[in-house]
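Q: Pasting a structure here, questions to come.
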């Protein structure tokens, strides 16, 4: 699985952008759907830029809950690992008067799914890296995740570290000042959020989109990116 560029037009003369197909739950109109086994396509959006954001981090760091809060402004407690390996949806936002479509991929944190999740890095325009402020191990693993990102997505992809579950301050084991020093040393921004209390979630997505926007170079009209087998 990987990314490649295609310049071949469709029968209508318009290029199309293929969506991830392997064990992926897709959502064209922000509605839930089942696994897709056949490729799905979407005509390239002309008026909006499409930024692909990948959510990564250890299992149970709250990636899915943050995505649900951003998507539907709802909070769902996930007690069990999701059967979905990659969950995808698109949401439109506006940055400095510019319309942006954020295509967000929530990757499974389970080790057994890492190979599939990693294949999406190469197509990422930006990455959110999660840890749980009440779980020291998830923060200790941030360095390993960063190494993986730099190896697979390249050294220049914008990254935002997400210190999640800040509503659990009484259970905090990761001091934010220490985490910020770690992030500052690597020149990576960091933000605390809470999906439960709806704190900082939308701000985080806008912040990362703004970083992407600084160096964004859209594909030519006759060129598309494909993610798939």
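Each position is counted from 1, following the chain as shown.
Glycine residues also receive a Cβ, built from the backbone N, Cα and C atoms like all the rest.
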Q: From the ranges 59-68, 69-78, 79-88, grab the one Swiss-Prot calls motif 'Effector region'.
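A: The range carrying the motif 'Effector region' annotation in Swiss-Prot is 79-88.
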Q: Please identify the range among 1-39, 118-156 that Swiss-Prot labels region 'Disordered'.
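A: Range annotated as region 'Disordered' by Swiss-Prot: 1-39.
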Q: Can you check which residue among the binding-site residues 57, 166 has the largest number of Cβ atoms within 10 Å of its own?
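A: Result of the Cβ crowding comparison: 57.
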